[in-house]
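Positions annotated as domain 'Major facilitator superfamily (MFS) profile' by TrEMBL: 1-266. If you look up TrEMBL, you'll see 21-42, 48-67, 112-133, 153-170, 177-200, 237-264 marked as transmembrane segment.
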Amino acid sequence: MPAMNNLLSKWIPVSERSRSLALVYSGMYLGSVIGLAFSPILINKFGWPSVFYSFGSLGSIWFALWLRKAYSSPKEDPELSKEEKKIIMGGSISKEPVTVIPWRLILSKAPVWALIISHFCHNWGTFILLTWMPTYYNQVLKFNLTESGLLCVLPWLTMAAFANIGGWIADTLVSKGLSVTTIMQSIGFLGPAFFLTQLIHVKTPAMAVLCMACSQGSDAFSQSGLYSNHQDIGPRYAGVLLGLSNTAGVLAGVFGTAATGYILQR
């Protein structure tokens with residue numbers, strides 16, 4: 001993910017940044033959709049090892065394609081025309097290679113810590129849903145394994161769609177000089193908070209699935225406020241900043257998943 005953020009800072013003009021980030025990162029949600037949809041089918045037909053063999057093989061194929069087709073910057077891509085390079089590099093941030101990272105300076109800045117905390121909070125809810133949703137469907141809503149897998153797809157599909165809608169809205173706000181971070185983060189944090197608390201009151205499986213889909217859909221708006229901000233506050237160190245905030249995000253997955261299990265046991 002830090003490498004992806006660095007690539008985008010070189011390849012994408014500022015005016016198209018939010019929608020491009022949304023499109024690229026929605027691949028994660030679509031990957032979750034495919035994984036959650038096909039895993040139960042593979043397990044039922046071929047046993048649990050088939051999930052790891054099939055996904056691992058696809059990853060190896062993609063890696064080979066990536067090595068042939070991907071380039072770190074427009075300058076290095078021989079297939080781009082001069083006109084394309086001029087358009088891309090004219091509207092993106094030109095960066096010299098980073099040789100020394102000023103860690104003390106970076107960690108002394110309040111906006112950096114705002115990013116780290118935001119990423120932690122964003123991933124707390126996302127990872128809990130990713131890891132516990134199948135269990136919730138199976139044990140609380142009494143769906144079987146195949147039904148659980150198919151219904152787990154819906155919130156992630158919603159997230160992929162709304163991330164791209166949010167990206168287009170964010171770029172429109174940028175063109176009008178409005179604060180993307182404030183607006184998108186407000187929707188991305190308050191929306192899931194509202195819909196997840198409604199799960200306590202719902203009486204039917206359909207409403208429970210709808211609440212989780214709406215939660216994930218509104219959560220996707222924070223992508224335009226969170227993931228694009230690394231390039232705004234430190235364009236030369238966009239990869240480093242995402243590495244820092246994503247570390248906090250992964251820790252949220254560790255602690256959030258464990259805390260959920262502890263709360264359920266108690």
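Cβ atoms are placed via backbone N, Cα and C, with glycine included.
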For the transmembrane segment (177-200), sequence-distant contacts whose Cβ falls under 8 Å of one of its Cβ atoms, 6 or more beyond its ends: 18, 118, 121-122, 125, 166, 169-170, 208, 211-212, 214-226, 228-229
Taken over the domain 'Major facilitator superfamily (MFS) profile' (1-266), the model's mean pLDDT: 84
Remote residues contacting the transmembrane segment (153-170) - C-beta distance under 8 A, at least 6 residues beyond either end: 18-23, 25-26, 29-30, 32-33, 36-37, 129, 133, 180, 184, 187, 209, 212-221, 223-225, 228
Sequence-remote partners of the transmembrane segment (237-264) [C-beta within less than 8 Å, at least six residues beyond its ends]: 1-3, 5-6, 8-9, 98, 101, 106, 112, 115-128, 130-132, 226-227, 230-231
